[in-house]
Amino acid sequence: PAPVKPPDGGWGWIVLLGCFVITGFSYAFPKAVSVYFKELMKDFHVGYSDTAWISSIMLAMLYGTGPVCSIMVNQFGCRPVMLIGGLLASSGMILASFTTNIIELYLTAGVLTGLGMALNFQPSLIMLGTYFDKRRPLANGLAAAGSPVFLSSLSPLGQVLLEKFGWRGGFLIMGGLLLNCCTCGAVMRPLDMGMKRKMEKTQDKYEAKEMLPIGGKSEEGISTTDGTKKAKKAKKKPKKGKKLLDFSIFSNRGFIIYTISKFILVLGLFVPPILLVNYAKDTGVPDTEAAFLLSIIGFIDIFARPACGMVAGLKWVRPHVAYLFSFSMLFNGLTDICSARASNYTGLVIFCVFFGISYGMVGALQFEVLMAIVGSQKFSSAIGLVLLIEAFAVLIGPPSAGR
């Protein structure tokens, strides 16, 4: 069947809001959990590297379970997968509040919550792609802004919860917050269902009119009802089996180039946010000022993502969006190279401003470019395979940079 035309608005704005919340939780939650690490180290008598594995496992699950998520979406659709994901993410954090050792934390907060967020993140991007076409770059930019917004709010909230309720109470409340993913999943209405309802309403009105005996129109009514019956019979024919994961995208040269470039990019993309604070402390910057550097990146990022999405949506930029993405990756790498010149706090602040801009540009454009390369029909398989390949880079990159 021919794909339904994206409405570029209407209910799409609610879908965009849901995608904003889920992107926020998916990217910010693994970083925000680090607020509890000092208390966990005291309670479980472990080192910093042991607790840091919680965030690493969460991110690895978010990226590595891409193909599994693609198969589930192709089999069951976006909404059911997202509702299950929301329940898994929430139950992971709730169970984590009752754990007695670090291994149990890896399995609950790491694996279970990470899997739940993965089952939410990917379908939300697929739904966003089905609801937006002309305004898709802007929609992707606004959805991507959820990451810095949630990072700047979840970290202070985690600190308040830790002080008032301890880490167990904090984990329990965080688990409750993650149930909002179920709400976001519930609003992801399949586009073809909405169109079917409209068609049925207009058909009912038409049949009601034809039922009225007005001369020769009754004969037309009979012929149209016969036609609709035949159409319904034709629709009842068994459908061909869907491909669970479409590997034919590897024959697309553009997709292969995109995957290689993203793998190389992700090796270094998360290094500055993870190592910057410790690096600043080593150069003699006070603790509070060092922590503020991450807030600068987050604040700049909030504005960079939607702005880049708007620029990418311009008529004369849209056909060349892949070049804009290439520029943003180059800009990000050059910013990192120039950071070696930062010998004092002012230099680090300037680096954070430029890194925030380039980081936001990459975040806003990455999925827009992927959809432009493979198309909306193969996007669910493409994003799953790309995220799986990126999972290895996420695991290798930061520890290698630390070495």
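Residue positions begin at 1 at the first shown residue.
For all residues, glycine too, the Cβ spot is worked out from N, Cα and C.
TrEMBL labels come from automatic prediction, so no person has curated them.
According to TrEMBL, the domain 'Major facilitator superfamily (MFS) profile' annotation covers 12-403.
Taken from TrEMBL, the feature transmembrane segment applies to 12-33 (among others). Proximity of distant same-chain residues to the transmembrane segment (12-33), defined by a Cβ-Cβ separation under 8 Å and at least 6 residues beyond the stretch ends, is recorded for 6, 54-55, 58-59, 62, 82, 89, 109, 113-114, 117-118, 120-121, 124-125, 127-128, 131-132, 139, 142-151, 154-155, 157-158, 174, 178, 180-181, 183-185, 187-189, 273.
Here TrEMBL flags 53-73 (among others) as transmembrane segment. Panel annotation: around the transmembrane segment (53-73), residues 26, 29-31, 33-34, 37, 81, 105-106, 109-111, 113-115, 117-119, 121-123, 126, 244-245, 270, 380-381, 383-388, 390-391, 394-395, 398 of the same chain, lying at least six beyond its termini, place a Cβ under 8 Å from a Cβ of the stretch.
Residues or ranges marked as transmembrane segment in TrEMBL: 80-99 (among others).
TrEMBL lists 105-126 (among others) with the feature transmembrane segment.
Taken from TrEMBL, the feature transmembrane segment covers 170-191 (among others).
Annotated transmembrane segment per TrEMBL: 255-280 (among others), in sequence order. Residues 31, 59, 249, 289-291, 293-294, 297, 326, 329, 332-333, 336, 339, 345, 348, 352, 355, 359, 362, 366, 369-370, 373-374, 382, 385-386, 389-390, 392-394, 396-398, 400-402 of the same chain, all 6+ positions outside the transmembrane segment (255-280), place their C-beta atoms under 8 angstroms from a C-beta of that stretch.
Sequence-distant contacts of the transmembrane segment (292-314) (same chain, at least 6 residues past either end, Cβ-Cβ under 8 Å): 134-142, 144-145, 147-149, 151-152, 272-273, 276-277, 280, 321, 324, 328, 348-349, 352-353, 355-357, 359-361, 363-365, 368. For 292-314 (among others), the entry in TrEMBL reads transmembrane segment.
Taken from TrEMBL, the feature transmembrane segment applies to 321-342 (among others). Long-range contacts of the transmembrane segment (321-342) within the same chain, counting only residues at least 6 positions beyond its ends with a Cβ under 8 Å from a Cβ of the stretch, are 137, 254, 261, 265, 268-269, 271-272, 308, 311-312, 348, 350-351, 354-355, 357-359, 361-362, 365-366, 368-369, 372-373.
Long-range contacts of the transmembrane segment (348-367) within the same chain, counting only residues at least 6 positions beyond its ends with a Cβ under 8 Å from a Cβ of the stretch, are 125, 129, 137, 140-141, 144, 147-148, 262, 265, 269, 272, 276, 280, 283, 285, 293, 296-309, 312, 321, 324-325, 328-329, 331-332, 335-336, 338-339, 342, 383. What TrEMBL lists as transmembrane segment is 348-367 (among others).
According to TrEMBL, the transmembrane segment annotation covers 379-397 (among others). Within its own chain, the transmembrane segment (379-397) is flanked in space by residues 56, 59-60, 62-71, 73-74, 122, 125-126, 129, 243, 245-247, 249, 255, 258-259, 262-264, 266-271, 367, 370-371, 373, which lie at least six positions past its ends and keep a Cβ under 8 Å from the stretch.
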Notebook entry, point to check: Other than its close neighbours in sequence, what residues sit by the transmembrane segment (80-99), given a CB gap under 8 Å and a spacing of at least six beyond its ends?
Noted result: 22, 25, 69, 72-73, 105, 108-109, 111-120, 123-124, 168-169, 171-172, 174-176, 178-186, 188
